[in-house]
Structures are given as C-alpha cells and as structure tokens.
C-alpha cells in the first residue's frame, strides 16, 4: 500500500464478531470502483483502503453487511497519506509489544449471550435467536386471543321468526245443477213434415 500514490481512507468497526467477517468485508470492498489496495486489522478493528473512492461510498458498501463503520481518518493528498500511514504502522507495532495477553474467553453456556455476526458465520444462531442491535429483529408471532363461536355457529341476537304454514282454502262444492244440464241439447227440431210423424217428437200428429 505504501507504493501506491492514492488517497488513503481508514475505517473503524468491530471485525471480531465471526472468523470470516474480515474476508467478507474485503471481498465487498473489492467490488467498489476506485479501490486499489485493502489492508484489514481485525484485532484493532481498522480497515485501510487505498484508492480514489470516496469515504461515503466505502461506508455505504460496508454497511450492507449489517454494521455501519466509522470514518477514522482520511487523507486525500498521496504524499501526506504515505507519511501518516507509516506513522500509524509504527504506532501499532509499538502498541502490540506492550499489549498483554488477554484472558481466555469464558465458556458459552445456555445463559451466556452469544455475540452474533450480522453477516452470518459460525456463531450465527439463525431464525428465532437474538441478533445484534444493528440487525433487524424479526417480529414476535403469537396466537390470536381466543374468541367465541364463529358467526355461523353463534346464537343470533334477534329471535328467529316462527314459520307458519300457508292457509289452504278448500274448494267449494259445485252448485246443484239438474242432471242433464251439461248435456248437448242439439239443434231445435226443424219444422218439416217428417218431424210431425217422428217418434222423437213429443207432440206428433197421428193419422186417425
């Protein structure tokens, strides 16, 4: 990185949430246009980027993993950037010799909260387990409150109407007409000579 004549941007964030988180950050920054060199220090939580990309673009790219990094330093002049970069490396080398070994981490139990990585990893619990504060939490789903019977089984509020059968009116008996009322009487007898002597004529003429 010291051989490149480009601005240097230093971002600071937590890189020890999981083992492969630094490699994911580096892989994501390589896709940003204008980035030519990347140096990551997971212990100190520093990301050193050399290139022409703006710090806001780098912060926005890293924020896709679930954590938003802070802008620690930015030097646009390449000559001044090299000097500040060498000074920063010397200061870190001095601090590493003075650092004491940290005590071993306590064993993880059921009551000990496990630090999870926003981008996934070995310690990522999955759905239903608590995640980091910067990660979007899933809403808690619960059963709906108990209710009464559904509408088609619940008793009606208004009393039902009593069903009544329609009244059937009996037919009237026929009127007492004479027996031969519906018979065909035929045409009246014609006034002819044959009718005078016919047996069907109630008033025939008889020859004496």
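Even glycines carry a Cβ here, placed using N, Cα and C.
Between the stretches 93-116, 117-140, 141-164, Swiss-Prot puts its region 'Disordered' entry on 93-116. This prediction places the mean pLDDT of the domain 'HMA' (6-70) at 87. Broken down with DSSP, the domain 'HMA' (6-70) shows 21 helix, 19 strand, 25 coil.
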